[in-house]
Amino acid sequence: MKVAVLGAAGGIGQALSLLLKTQLPAGSELSLYDVAPVVPGVAVDLSHIPTDVKVAGFGRDDLNGALTGADIVLIPAGMPRKPGMDRADLFNVNAGIIKVLAEGIVASCPKALVGVITNPVNGTVPIVAEVFKKAGTYDAARLFGVTTLDVIRSEAFVAELKGLDVATVKVPVIGGHSGTTILPLLSQVEGATFSDEEVAALTPRIQNAGTEVVEAKAGGGSATLSMGAAAARFCMSLVKGLQGEDVVDYAYVEGNGADAQFFAQPVRLGVNGVSEILPYGELSAFEQKAKEDMLATLKKDIQEGVDFMAS
C-alpha cells in the first residue's frame, strides 16, 4: 500500500503524515511531496518513529517520483485560511495549485484513489474531475472531497453537549464543506434528542467551526491538527476498502446528481473506491429547509471549479 501526501510540509500535511506513519498497515509506503524545501527533513523526522511504514520525501521537481505506484493520494496542499477570509477567498490561490497536482496524478497514477483536502473543497474537487476528464481517465468512484472534519467536529460537539461517550456518537453530515453547505443531520443521531433551540445553535457552530479555530489562533494558523486527524481517519477508511473490508463513510463525491453534481453523502467503499452511494435518510423539516436553502450556493461553488478549467 502506497499513500502519497501532496503538501506534506504544511500544518495539515505534517499532522496527517505523522498519523499515517503510526496507523498505516505494516509494509506500507508513505510518500511526502511539497514545494517547501523542508519536506526531506519531515520525512527524516518521521522515519525515526519505529513503525513498519517506509517514509520518503520528494521536493518540488519530483512530483512523479512521489506519485508513481500510489494507491491513495491525499492533497492538503495550498494556502490556509487567515482571519477575515472564508473558504471561497482561497479559491483563486488554490485552484491553480490543485490543477497542477491533478495533472501530476493523471500522468503518474491515474488509477489512485484521490482525496482532496485543499479548500474550498466544494470547488477544488470539480477541478480535479475536469483535469481527469480532459485526459480521458476520469472515474467518479475514485475521487473524494474529504469532509470528515465536519463529521468529527459534529461528534465532538454533540458528545460535549449531551455528556455522551464520544466513541459511541455518530453524526451524519451531508452537503458541501463550507458555511451553510455543511448540513449535520442531528435528527438522525442515535441515543440523543435535540430541542429546536439546540439544533438552531449547534448547526451554525458546526458550520462555522473553522472560523472558530482561525480566530482562536489569532492569525497563527487554521484548523491543521483536527483536519490532519480527520484526513487520517478518512484515509484509513479508504485503506480498509482497498483491503476488501466493508466500510461506510461520508465524502463529497459525484453521485446521481439528485441534489447537486457533487454532494457529501454516505458511501460504501471497496477495492475500486466508491462501490455504492447510499441514501442519507429522512430529514427533519429544519434540515430539509436548510438543504433547499444551500443548494444554490453549493451549485455555484461547483460551477466555479468547472468554469476555472474551461477558462
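Going from the start of the chain as shown, residues are counted 1 onward.
Positions of Cβ are set from backbone N, Cα and C atoms, glycine also.
Per Swiss-Prot, the features are as follows:
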type     : residues                                                                                   : note
ACT_SITE : HIS177                                                                                     : active site, proton acceptor
BINDING  : GLY7, ALA8, ALA9, GLY10, GLY11, ILE12, GLY13, ASP34, ASN94, ILE117, THR118, ASN119, MET227 : NAD(+) binding site
BINDING  : ARG81, ARG87, ASN119, ARG153                                                               : substrate binding site
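Structural mapping of features recorded in Swiss-Prot.
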{"residue": "GLY7", "record": "NAD(+) binding site", "Cβ contacts under 8 Å, 6 or more apart": "GLY13, TYR33, ASP34, ILE75, PRO76, ALA77, GLY78, THR118"}
{"residue": "ALA9", "record": "NAD(+) binding site", "Cβ contacts under 8 Å, 6 or more apart": "LEU32, ASP34, ALA36, VAL38, VAL39, VAL42"}
{"residue": "GLY11", "record": "NAD(+) binding site", "Cβ contacts under 8 Å, 6 or more apart": "PRO80, GLY221, SER222, THR224, LEU225, GLY228"}
{"residue": "ASN94", "record": "NAD(+) binding site", "Cβ contacts under 8 Å, 6 or more apart": "GLY78, MET79, THR118, ASN119, PRO120, THR124"}
{"residue": "ARG153", "record": "substrate binding site", "Cβ contacts under 8 Å, 6 or more apart": "ILE206, ALA209, SER226"}
{"residue": "MET227", "record": "NAD(+) binding site", "Cβ contacts under 8 Å, 6 or more apart": "ILE12, ALA15, LEU16, PRO76, ILE117, LEU149"}
If you draw a 10 Å sphere on the Cβ of GLY13 (NAD(+) binding site), how many other Cβ atoms land inside?
28
Using a 10 Å radius around each Cβ and counting other Cβ atoms from all shown chains, which of the recorded positions ARG81, HIS177 yields the largest count?
HIS177
What is the total of other Cβ atoms whose distance to the Cβ of ASN119 (substrate binding site) is within 10 Å?
27
All-chain count of other Cβ atoms within 10 Å of THR118 (NAD(+) binding site):
28
Measuring Cα to Cα, how many angstrom lie between ARG81 (substrate binding site) and HIS177 (active site, proton acceptor)?
14
